[in-house]
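Database features, via TrEMBL:
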type	residues	note
DOMAIN	4-170	domain 'Glycerol-3-phosphate dehydrogenase NAD-dependent N-terminal'
BINDING	9, 10, 11, 12, 13, 14, 96, 152, 267, 294, 296	NAD(+) binding site
BINDING	119, 267, 268	substrate binding site
DOMAIN	192-337	domain 'Glycerol-3-phosphate dehydrogenase NAD-dependent C-terminal'
ACT_SITE	203	active site, proton acceptor
Ligand SMILES: NC(=O)C1=CN([C@@H]2O[C@H](COP(=O)(O)OP(=O)(O)OC[C@H]3O[C@@H](n4cnc5c(N)ncnc54)[C@H](O)[C@@H]3O)[C@@H](O)[C@H]2O)C=CC1
Ligand SMILES: O=C(CO)COP(=O)(O)O
């Protein structure tokens, strides 16, 4: 069977993986070589971003300076992008997943498979839901999860790194590995979708902590302490809600490695550092510093805090709780080391 891949999302990470997928589908006979990529349409200097991508083969707003393969075709219509696909790659910021799933409901063939590259969770009245579960429930298709120490621009520049795919069905994991793996982007597949997904969502909160201690100029030992306590809280929270999450998952690229890289070089870290040095709000800094890219850590901290409060668990997760309070309750940043 020939598989056809569609990409849902075209931000910084979406565009970077478009380069990997566009090249990899040409290496195997079992893939259609055209990859459609859904672009949330916007105007750049009076032109459609989709037209710019299709003519210049570059996402000039979200991944400037990187050429995309010509078989990646930007499309502004979501349903049109996905209609013939057998493999869907979800890579929109987590706040838009629900609306994407609503638009696709009933329009996806049942033999389709999905993978989420989205680092976040969806909060609901009675708790929270994993993005892979939302995709499965809304569209009636299985979903894998890819997450790792993968700063998008470094991947696009083909600097070596690793990533993790969590699968429920091994054949799905292997098929998705084919579209991502290269000698510079080493994919490891493991049977723990939930663990991979929880790591990706929760590390964004801890990365805010990494940026706060950088802004406070507390040094390398303090950063290491935030990473260690953060990893401990990530594992505790994941296994409290999903007892099958494996300890080993935290030693994969999606676990400790992603935590280290995001605390060293990610957007969450950068904006949190600027919050300390400028005193500006996170919302303001997101607009000023990210040029349309989305901060995931602050909203995930808020979502997580709501869950911890409802379940009476704040005292058991002092680091995540304090990061939330610094982001949303004007707690002085130094409390990150005083309250944990
Ligand atoms: N950038 C990175 O280095 C990495 C990001 N990720 C994850 O990938 C996911 C996607 O992030 P990025 O590709 O970096 O996105 P981004 O933050 O660079 O870009 C924002 C994207 O959202 C789109 N958008 C704006 N309003 C929208 C709407 N109403 N509906 C749908 N889309 C809308 C924009 O057009 C743009 O494509 C996130 O969960 C992120 O945590 C994972 C690994 C690395
Ligand atoms: O997830 C990432 C790297 O693996 C990117 O993190 P930021 O969203 O903080 O840039």
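Including glycine, each Cβ sits where the backbone N, Cα and C put it.
Remember, TrEMBL labels are computer predictions, not curated facts.
When the recorded positions 119, 203, 268 are compared by Cα distance to residue 13 (NAD(+) binding site), the shortest distance belongs to 119. For the recorded positions 9, 11, 203, a Cα to Cα distance of within 10 angstroms from residue 119 (substrate binding site) holds for 203.
A 10 Å cutoff on Cβ-Cβ distances gives residue 267 (NAD(+) binding site) a total of 22 other Cβ atoms nearby, all chains included. When the domain 'Glycerol-3-phosphate dehydrogenase NAD-dependent C-terminal' (192-337) is classified with DSSP, helix, strand and coil residues number 115 helix, 0 strand, 31 coil.
The separation of residue 203 (active site, proton acceptor) from residue 267 (NAD(+) binding site), Cα to Cα, is 12 Å. In three-state terms derived from DSSP, residue 11 (NAD(+) binding site) belongs to neither a helical nor a strand segment and is classed as coil. Proximity of the binding-site residues 9, 96, 267 to ligand 2, judged by a Cβ distance under 6 angstroms to any of its atoms, singles out 267 in sequence order.
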